[in-house]
Amino acid sequence: MATLLLTNFINSTPEIMESDEEILLKKIKFGLFLSFQIPSIICHLFLIYHLIHDRLLRVALRNHVILVLLILNFLLVTIDLSIVLDFLYIGYIREKTVQVCQTWNLLDSFLSNSSSFLMLWASIERHIIIFHDRQFHNTQLKRILLHYTPLVIIFIYTFSFYIVVIFFYSGCSNAAHFRSDVMFCGKACYVHQNVTLSVFELTTHRILSSMLIFVFSFALVARIIIRKLRRHQRVRWQQQRKMTVQFLCISILYFLGTLPPGVGELLHVLSGERTDGHESEVQEEIFLYLFYFTSLLLPFVCLMSLPEVYAKLFCLKRRNRVEKGPSVEGRDRA
């Protein structure tokens, strides 16, 4: 039976009946994502290169999570989003196999949720770095336990969770559930078939994490302002203000990219209206795409929060102007 279902899915040719409004909306999303994708990829590469190549930036603990976030979102923008663009362009999944759909679900779920968990840890660790750095990061052992170990735990947990529920969950059949004419092939079957598991994932991985990111980020701003007022540390405040404001912008990006889709999906699952893989209309047309904007905009916000890298960008521009200057003068004299 499973073999028959798998064969039917592979050989199925989607009969897409879309209204003019749906076709237009797909074209708009395709054009919008494509126009942002290329600049975002360039900015991702620019930041990743300098965060790795520049020793001062590389050894700074505050930049480690940002670097990992950029790498994860770079993969999401280059691989995951490219599959989405192909889907928006032709209207269905090009490779109609269960393995492709499972891999796509794993890729998207792992990258997006790991990124959210890392951002949550970053919002917590910022408190440690700014207020308790000497107490918690003053030895190599403490740095391993309190800085590197949480990153490893996040990756192991997220990958293990999604590899199990997408590839090895036996409570339903992905072969019977997947469709080739909807985003993520309709998502893995556990999302709509196992309410308890789905509610756990949505509340902990998306809703709770996004709310905690928001809370810890604003708490950081409040603590810095209170400390400034108490100690009148103008110089230190000037150094921390830009980093804190830009980190707050990153937090808002993640909050907007994860909370609405998480709440929308949770309401849809709890309503029990559909278990055939279809999302609600607002979820399918809008919310499923929100986190891609977070990934696309992330490098630009990070660039503004890293004045050392931002300065190098202006140095490149000035160098190009200087190099072009003599050639222009030479032409005028000639």
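Here the Cβ of each residue, glycine as well, is placed from N, Cα and C on the backbone.
TrEMBL labels come from automatic prediction, so no person has curated them.
According to TrEMBL, the features are:
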TRANSMEM  30-52  transmembrane segment
DOMAIN    43-302  domain 'G-protein coupled receptors family 1 profile'
TRANSMEM  64-92  transmembrane segment
TRANSMEM  145-169  transmembrane segment
TRANSMEM  207-226  transmembrane segment
TRANSMEM  247-267  transmembrane segment
TRANSMEM  287-311  transmembrane segment
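Residues 58, 63, 66-67, 70-71, 73-74, 77-78, 81-82, 84-85, 88-89, 289, 292-293, 295-297, 299-300, 302-303, 306, 308-309, 312-313 of the same chain lie 6+ residues outside the transmembrane segment (30-52) yet bring a C-beta within less than 8 angstroms of a C-beta in it. Within the model, the domain 'G-protein coupled receptors family 1 profile' (43-302) shows a mean pLDDT value of 88, rounded to a whole number.
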